[in-house]
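Look at Swiss-Prot and you will find CYS105, CYS108, CYS111, CYS119 tagged as Zn(2+) binding site. The NADP(+) binding site feature in Swiss-Prot is assigned to LEU194, GLY196, LEU197, SER216, THR217, THR218, LYS221, LEU279, ALA281, SER303, ALA305, ARG350. Taken from Swiss-Prot, the feature N-linked glycosylation site applies to ASN142, ASN147.
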Amino acid sequence: MAGKSAEEEHPIKAYGWAVKDRTTGILSPFKFSRRATGDDDVRIKILYCGICHTDLASIKNEYEFLSYPLVPGMEIVGIATEVGKDVTKVKVGEKVALSAYLGCCGKCYSCVNELENYCPEVIIGYGTPYHDGTICYGGLSNETVANQSFVLRFPERLSPAGGAPLLSAGITSFSAMRNSGIDKPGLHVGVVGLGGLGHLAVKFAKAFGLKVTVISTTPSKKDDAINGLGADGFLLSRDDEQMKAAIGTLDAIIDTLAVVHPIAPLLDLLRSQGKFLLLGAPSQSLELPPIPLLSGGKSIIGSAAGNVKQTQEMLDFAAEHDITANVEIIPIEYINTAMERLDKGDVRYRFVVDIENTLTPPSEL
């Protein structure tokens, strides 16, 4: 007996923009299908989708494990349009969100300890196989289907466009600070890099009651850091005198840079037993000097986006403290130009695609 066809297995006709193969790096209209809404699933009409550096790296084929055609986008805000019979988390018509993760094994140490984001078999939002073996497609599309365990309730008081980047950049910085104890009022934290991730790290740090110093190689970012985002200080990392004067002044550093850069001068800024939170993911290895760590009892902590429970906590915290990303809302047709600008760092501070109003179905859907 023949097995079900792909169209029978995935009856929901969908459309979006995809990179068709590993060589082009160019996004274009794409037709595909989503699975039917299962008993524990939520069908979601996508309103907005944020664009992050992971999306850029993915379309540039920097991750060999991804499958193509690839529909990127892992910062999704939408509306629940259908729910399975066993869904209790959300109702039809409510605003919902999805972050980077769509599934996990549910059995390993990480999963049973609510650390499913670190599960060895974690299913990320696109380019990887789902439980049934079919490939996941991301948020640059008109709709999606997700298990309720990974669906988030999106607070009504948050802007859906400004809130979309919270699903990646926001939770990454929030989770790192919460899990490492860098969320206590009065602590002094340095934020390295003032991009999409860095500017949200500043906002959450200030909401926690921390003293914040932005560390950057770009002098022009001082005004935005202090007057725009409320940072308490600005440190130009290329200025040897400024760096020398700041030695031993920070309780923690949040490093958000996604490019290779020297770590040793930053470690010197930490007090004894200070914490260096590494959030950026450069494509090449960083040089790690052992002496500053050993002599000061300092530690380096890596952190990826948080688990589902913590991501919901982050969204609720953001709503309470009026935290959203500074965004440039774009139509889907602008996506390739936006990726080029993102590659050059030419955005303050996040691109968000208006899916609802600009994504139209390709012909012959």
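Every residue gets a Cβ built from N, Cα and C, even glycine.
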Review point. C-alpha of CYS111 (Zn(2+) binding site) to C-alpha of ALA305 (NADP(+) binding site): distance in Å?
Key: 15
Check your understanding: For ASN147 (N-linked glycosylation site), what is the secondary structure state per DSSP, taken as helix, strand or coil?
Key -> strand
Point to revise | Cβ packing number for CYS105 (Zn(2+) binding site), 10 Å threshold | key: 15
Check your understanding: At the Cα level, what's the spacing in Å between LEU194 (NADP(+) binding site) and ASN142 (N-linked glycosylation site), rounded?
Key -> 31
Revision key, fill the gap. The number of other Cβ atoms within 10 Å of the Cβ of THR217 (NADP(+) binding site), counted over all protein chains shown, is 13
Study note, to complete from the structure: Whole-Å Cα distance, ASN147 (N-linked glycosylation site) to CYS119 (Zn(2+) binding site), is 17
Practice item. Counting Cβ neighbours within 10 Å across all chains shown, tell me which of the binding-site residues CYS108, CYS111, CYS119, ALA281, ALA305 comes out on top. Key: ALA305
**Study point:** Closest of ASN142, THR217, ALA281, ALA305 to CYS105 (Zn(2+) binding site), Cα positions, recorded positions only
**Key:** ALA305
Check your understanding: LEU197 (NADP(+) binding site): which of the recorded positions CYS108, CYS119, ASN142 is the nearest Cα neighbour?
Key -> CYS119
Check your understanding: So around the Zn(2+) site, CYS105, CYS108, CYS111, CYS119 aside, which residues have their CB within 8 A of the centroid of those CB atoms?
Key -> CYS104, GLY106, LYS107, TYR109, SER110, VAL112, GLU116, PRO120, GLU121, VAL122
